[in-house]
C-alpha cells in the first residue's frame with residue numbers, strides 16, 4: 001500500500017522539469033519526453049496570461065512558501081523520528097542486549113536507547129551540514145543512494161521470499177554490487193563528460209548506469225550463490241528469539257495459521273512482482289514509441305498523475321482512521337461516559353460486598369488476600385527505597 005501511494009510522488013514531480021531525474025521515478029525512460037511540454041508550456045501563454053501568472057505568483061509566494069515549509073517540516077520530523085526509533089532499537093536490542101550485555105536491566109537498556117537516539121540525531125545533523133556546505137543537493141544524494149545501497153534490495157527480497165536464499169550470498173552480493181556500481185558510475189561519468197565532479201556525477205546517464213549495475217549485480221551474485229549452495233532456511237530459529245515485550249496480537253488465530261500465511265505470501269509475490277514489472281519496466285518501454293510527448297500525451301500523463309496523487313492522499317488519510325476506528329470510539333466514549341463508568345464500578349463493588357458479608361468463609365478469604373496484597377506492596381516499597 002505504501003509503495004502504491006509513494007509511486008505517485010515522483011510521477012507528479014515529473015510535471016516540472018526542475019524535479020526530473022532518472023532514479024526518483026520508475027519512469028526514468030521518459031525524462032526528455034515528459035518534460036518537453038512542461039518546459040515550453042509558459043512560452044505558449046499570451047502576454048496577458050503571463051503577466052497574470054507573474055502577478056499571482058508574487059501575491060501567493062508567501063502563502064505557498066509557508067505551506068511548503070509546514071509540509072517539509074512535518075515530513076522531516078515524521079521520517080526522522082522513525083529513523084531514530086529504528087536505529088535505537090537496533091543498537092539497543094540487536095547489538096547491546098544481544099552481544100554486549102545479555103543480562104542488562106531495564107534501566108541500562110533505557111540508557112543505551114536514549115544514548116543511541118541522541119548520538120544518531122546529532123550525527124544526522126552534522127552530516128546534513130557537511131553535505132550542504134559541500135554543495136551536495138538532496139536530489140544528488142537521493143540518486144547516489146541507489147548506487148551505494150541499491151545492491152542490497154534484491155538480496156533482502158530473496159531472503160524474505162526465497163527458501164534457497166544463501167546467507168553468504170546475501171552478504172557478498174551487496175558488497176560486490178556496490179563496488180561495481182561505483183566503478184560503473186564514475187567510469188561512465190569520465191567517459192561521457194571527460195571529468196568527474198559533483199555536477200557530472202549527478203547527471204542522468206551516469207546515475208542510471210551506476211544504479212542498474214549496483215542493483216542487478218547484487219541480485220545476480222546472491223542468486224548464483226543460492227543456486228550453488230541453497231540454505232533452505234525454515235525460519236524455525238527465529239521463533240525461538242526472546243523478545244523483551246510480548247503483546248497479544250489483535251489478529252484472529254485463523255489469520256496466523258501456516259496455510260493462511262502461505263496463501264498471503266503467494267498473493268504478495270504474484271501481485272507485487274506483476275505491479276513492479278508493469279511500473280518499472282513495461283510502462284516506460286511503452287512510452288518510447290511516442291518519442292517527444294505531444295500536448296495530448298502530456299495532458300494524459302498529467303491527468304493520471306493528479307488522479308493517482310489524489311487517490312493516494314485519500315487512502316493514506318482514511319486508512320489509519322478506519323483501522324483505528326474502534327480505538328477512537330473507545331477513547332471518545334470514555335471522555336463522555338466517565339461518570340457512568342464510575343457508577344457501574346461502585347454498583348459492582350456494593351454487590352461484591354453484599355456477597356462477601358453473606359458468606360463468612362468468603363469474607364475470611366477476602367481479608368486474607370487483602371492483607372497479603374498489602375504486605376507485598378510494603379515489601380516492594382522497601383525495595384525501592386533501598387535501591388540508591
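Each Cβ is built from the backbone N, Cα and C atoms, and glycine gets one as well.
Predicted automatically and left uncurated, TrEMBL annotations should be read as such.
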Practice task
Among 74-95, 140-161, 338-359, indicate the range for which TrEMBL gives the feature transmembrane segment.
Solution key: 140-161
Problem - Among ranges 232-253, 298-319, whichever one TrEMBL labels transmembrane segment - result: 298-319
Fill in the blank from the handout: Among 47-66, 267-286, TrEMBL lists transmembrane segment at 267-286
Exercise for the section: Tally Cβ pairs under 8 Å between the transmembrane segment (208-228) and each listed stretch (140-161, 267-286, 298-319), then give the stretch with the top tally. Expected result: 140-161
Handout entry: For the transmembrane segment (168-188), sequence-distant contacts whose Cβ falls under 8 Å of one of its Cβ atoms, 6 or more beyond its ends
Key = 147-152, 154-156, 158-159, 196, 201, 205-207, 209-211, 213-226, 229
